[in-house]
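Beneath this line is the structure, given in structure tokens, with notes to follow.
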């Protein structure tokens, strides 16, 4: 029987992410085929090649596990599920902006078990296992010690269909941008979460995420001592589609501001993207 301990799942996720990252890096400066999945949501041939590498590696070790991948969709399996984004930051990649990553998360019946996020351009491998902390290239990670919104560097992102419901993402951005020290929009949700875990960003919020955008990163933040909830402060669960992640000392202010904004515009969770 295969070893399914969080530590082993983490190791497999790390190696799968590295292998896919190598594929992406090799193709970064070359010609690429770009297709549109609808609207402005695009996919490249590199996405598909990297995804095939990740799935192939996981299948070698856990052929019975379920897989949810951005490009190929879901495949049934046991109670353990691998959640894969072979290229998070596809728009950056397509424009040769060197900020993208591979994200591999592992979820069991009781929640997230392991995850890895690999940035091949910087050679940075973020990973975590449930109850065992988070690391960057083997070094322990801790969320920042920030306790004041006025000193916080925040980040956010926008769903591809933001033009359908701009009031949520743009309104919350307005709410925080005048209260925080600074705001960033990097184009990779997985790396945004990894950066919160590393203490580089003090907080992050976004509507309209898919499971593969957030699975590995949410575990990283928790294992680094950070806080991960929904935009309205409710408990976070992969698949809901909205995330608020931050340093522990910032969580009360962050959540209160977010709840206040949602109350002002009359939004309930059913109004969120997802």
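For all residues, glycine too, the Cβ spot is worked out from N, Cα and C.
Together with 70, 85, 87, 88, the Mg(2+) site in TrEMBL holds one more listed residue from 213, 232, 242, which is 213. The Cβ of residue 88 (Mg(2+) binding site) has 100, 101, 102, 103, 117, 188, 189, 190, 191, 212, 213 as same-chain neighbours under 8 Å, each 6 or more residues away in sequence. Under the three-state DSSP scheme, residue 70 (Mg(2+) binding site) falls in the coil class. In sequence order, 47, 51, 84, 85, 86, 210, 212 are the residues near residue 70 (Mg(2+) binding site), counting only same-chain partners six or more apart with C-beta under 8 A. Sequence-distant neighbours of residue 87 (Mg(2+) binding site) (same chain, 6+ apart, CB under 8 A from its CB) are 20, 24, 44, 46, 47, 50, 51, 93, 100, 101, 102. In the three-state DSSP classification, residue 85 (Mg(2+) binding site) falls within a strand.
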